[in-house]
Amino acid sequence: MLRFTLRGVRAHAVRFALSVLAVALGVAFVAGTFALRAMLSDTFHGIVDAQAPADAYVRGAEPLPGGAGATGPVGDARTPVPLALAEELARVDGVRAALPDVSGPVVLVGADGTAVQSTQAPSIGIAADPRDPALRVVAGRAPAAAGEVALEEATLASSGLAVGDRTRIVLGGEVREVEVVGEVSAGGPLAGATLVLLDRDTGVAAYAPDGTVATVAVHARDGLSEEALVDAVAAALPDLPGGAGAEVVTGASLRADLQADIDRLLGFVTTFLLVFAVVSLFVGAFLIANTFQMSVRQRVREFALLRAVGASPAQVFGVVVGQAVAVGLVGAALGVLGGLGLVSALRVVLGQVGMDLTGDVPLEGGTVVLCLAVGTVVSALAAAVPARTAALVPPVEAMRGEVTAPERSLRRRAWAGGAVVALGVAGVATAAARPALGAADVLLGGGAAAVLVGVLVAAPTVARAAMGALAAPFVRLLPPMGRLARGNVTRNPRRTAATAGALVVGMALVGAVSVIAASAQASLASVVESSTEADLVLRSATGAVPAGAVADVRALPEVGRAAEVASTPAGVSAAPGEPTAAPGGVVVGLEPGVLGSTVLVDVVEGDPADLDDASAVVNARVADGDWHVGDTVTVTTPAGARELTVAAVVDTQVLGTPVVVTRDVLDALAPEPQVDTVFLDASTGTDVADLRAAVAAAVAPYVVVSVQDREEYVDALAAQVDQLLVILYALLGLSLVIAVLGIVNTLALSVIERTREIGLLRAVGLGRLQLAGTVTVESVLTAVFGTLVGLAVGVGLASAMPRVYAEQGLDRLVLPWGQLLAMVALAAVVGVLAAVWPAGRASRLRVLDAIASE
């Protein structure tokens with residue numbers, strides 16, 4: 001039986017080719033995901049090893065609540081340590097060098113006059129220290145005085161500068177003229193980060209103005225172990241000035257903790273990508289099931305002969321499943337190779353945009369085994385029902401060449417599918433009606449899945465009527481092609497629904513994503529339009545608007561008001577020691593009078609105008625807990641803690657913070673807060689166009705600052721949604737490709753199955769073009785049917801999301817009719833393209849040979 005199984009695969013290799021391709025595409029997604037994760041992990045682990053090479057690290061002993069505090073190489077947020085502690089640590093026995101972490105953001109202007117940026121990687125400035133083993137001068141020298149910088153090798157190359165050139169940097173909110181005096185090596189990968197080496201005094205003034213740093217890296221003398229160094233430093237710390245609130249950890253444990261954090265983050269990325277891989281494999285299962293179902297119908301005599309010579313139903317079942325396993329193994333093997341090739345290509349693309357990933361594309365044994373198992377199991381499960389059909393056909397009846405067992409009634413499928421759809425709709429409706437319910441997310445997700453499954457189950461019951469309606473224009477405009485195509489697609493509604501089912505799944509997801517994206521953009525626009533009446537907005541490509549740019553703009557006579565939105569990491573709690581009420585740990589500072597005028601909010605309780613240096617305004621949209629006027633809130637930063645009285649409770653989405661304080665309070669809690677946005681109003685009698693021209697000229701030297709009106713501000717925020725939308729469409733694209741392959745596969749097998757019928761039609765006068773047109777119309781009908789059903793499901797389910805997630809900001813429902821109609825039109829085009837090969841094959845059949853076939 002094994003030989004028979006393998007011979008069957010070889011004999012029908014053409015029939016199984018697209019099934020192999022479907023498995024290969026799905027498995028390539030899985031293999032590529034794991035290979036990409038491994039490569040990213042190797043790259044970022046290498047960055048950790050290169051940038052945190054010390055034998056030990058001294059850091060704040062206790063983390064601050066809510067994520068406030070200094071974040072250095074240790075990765076978490078803690079109280080800073082005194083800069084002077086490094087000098088004291090250098091005197092401890094066994095210490096070769098103690099290097100404070102003096103680093104922070106910087107903007108480098110390249111040879112073309114624009115900011116040097118690489119994808120989403122940061123731009124980092126570091127104070128030069130000749131004792132730092134992580135940095136090695138490869139050309140020129142290290143910076144020794146103000147106005148000098150050295151650039152990391154990749155940064156120097158991407159900037160277009162050379163040693164000896166003069167350029168500008170934006171540091172500490174100021175534009176500074178500098179000379180490139182050297183080129184340095186970072187000692188390891190940077191994944192696209194821009195690295196600028198500053199002289200020590202400039203670095204300390206910019207990044208440690210209060211005399212504190214996140215960590216101190218301690219290097220041991222030769223021959224001293226990490227553990228011995230840690231013991232020596234730990235014993236000395238309590239007696240050192242500033243050492244009482246510090247702790248020491250080994251470099252190995254620090255690197256392991258940081259690498260574990262990286263792996264956890266990559267785990268989320270892996271899960272996200274695997275969701276789309278599962279969708280692709282699920283869609284591919286439709287293709288495989290359809291292939292084997294049609295193959296079984298075409299090979300009934302073959303299976304009957306097996307039964308006649310003594311094969312049991314179980315053996316026949318095993319033959320079909322065995323062939324599916326062979327298809328799965330071959331497809332999975334090709335998929336593994338394809339996945340590695342995909343990641344190799346992705347690495348080249350990322351390298352072109354500045355994000356170099358190190359090492360070879362990994363091929364782990366566990367990944368290979370998993371991919372082979374996934375491909376095999378998916379294929380075997382998809383072929384199980386066709387295998388059962390083959391096993392249960394009576395041999396005597398099958399010898400006649402026809403399966404005489406009548407087709408089962410579709411009534412049971414209609415009832416079953418309808419029940420599952422009703423259950424899913426009930427779950428979605430409950431989630432929409434009661435969004436505050438703790439299980440609303442589960443109800444929405446589970447209900448959506450149930451609706452999709454129910455539609456797939458019930459699809460054959462509506463396929464005949466729906467196809468008849470869709471075919472009406474073709475019947476009227478293209479007889480006899482339209483009539484023949486209508487008869488073919490309505491003759492076997494199960495096959496039609498199965499072929500379109502893959503497209504239903506893909507288009508349901510695409511339709512849902514389109515509606516969610518359009519609704520999110522509309523919600524964003526609504527938030528901005530209802531949250532500010534400012535004439536212009538200043539923003540920075542690096543996230544922080546330089547203080548110098550703000551000062552220069554304030555000095556312009558065209559500016560009537562400049563309202564800064566500044567922020568700093570902080571812990572926010574209802575009382576000292578209580579759990580944080582600030583997800584993300586960020587507090588915003590505004591000048592008095594801005595909240596409620598320039599920045600508009602919905603007032604829940606109190607009056608935002610009462611905000612002063614002894615009070616705070618709580619944003620109920622973000623903050624946890626039930627807040628009221630008069631409550632006490634404690635804000636904690638590395639500079640200290642401040643107890644404030646709640647003056648008002650507001651509801652706003654434009655400020656993604658739980659607590660707003662005055663700018664004076666923020667400056668006291670954080671000497672260098674980050675200015676995220678500046679809202680500008682024109683002075684009396686100044687035209688907005690004149691205001692814009694003056695502001696644009698003032699901020700031009702800062703390179704990264706952009707001037708936007710409210711419409712452009714909305715567009716910039718919406719562009720972030722567009723970027724995510726492009727990624728989602730790209731990830732869903734593979735499932736749609738597989739769905740189209742399913743249409744091609746079904747049509748090709750249908751041509752083989754109807755060879756005699758095609759010959760007879762040609763004999764009675766049907767021309768080659770008419771035959772090709774018939775196959776093309778069948779393809780278009782199937783593609784449009786799957787698209788319409790999928791979009792109906794996806795749009796319907798996505799329409800419930802604004803009700804469920806209104807509190808999270810998705811409070812508008814927008815149906816992108818243009819996109820949806822374009823998808824239907826595209827489906828028709830795809831249907832035509834999918835029919836090219838099957839239609840050509842059908843039109844090339846010899847009439848007499850076709851009539852004589854069995």
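Each Cβ is built from the backbone N, Cα and C atoms, and glycine gets one as well.
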Feature transmembrane segment in TrEMBL, mapped to one of the ranges 204-230, 231-257, 771-797: 771-797
Two-stretch contact, the transmembrane segment (496-518) and the transmembrane segment (316-346), at least three Cβ pairs under 8 Å: no
Other parts of the chain folded back onto the transmembrane segment (771-797), taken as Cβ under 8 Å at six or more residues beyond its ends: 428, 447-448, 451-452, 455, 459, 463, 466-467, 470-471, 474, 478, 481-482, 484-486, 488-489, 496, 499-515, 739-740, 743, 746-747, 750-751, 758, 761-762, 815, 820, 823-824, 827-828, 830-832, 834-835, 838-840, 842-843
Surrounding residues of the transmembrane segment (817-837) on its own chain - C-beta under 8 Å, 6+ positions past either end: 503, 507, 510-511, 514, 518, 740, 743-744, 747-748, 772, 775-776, 778-784, 786-788, 791, 795
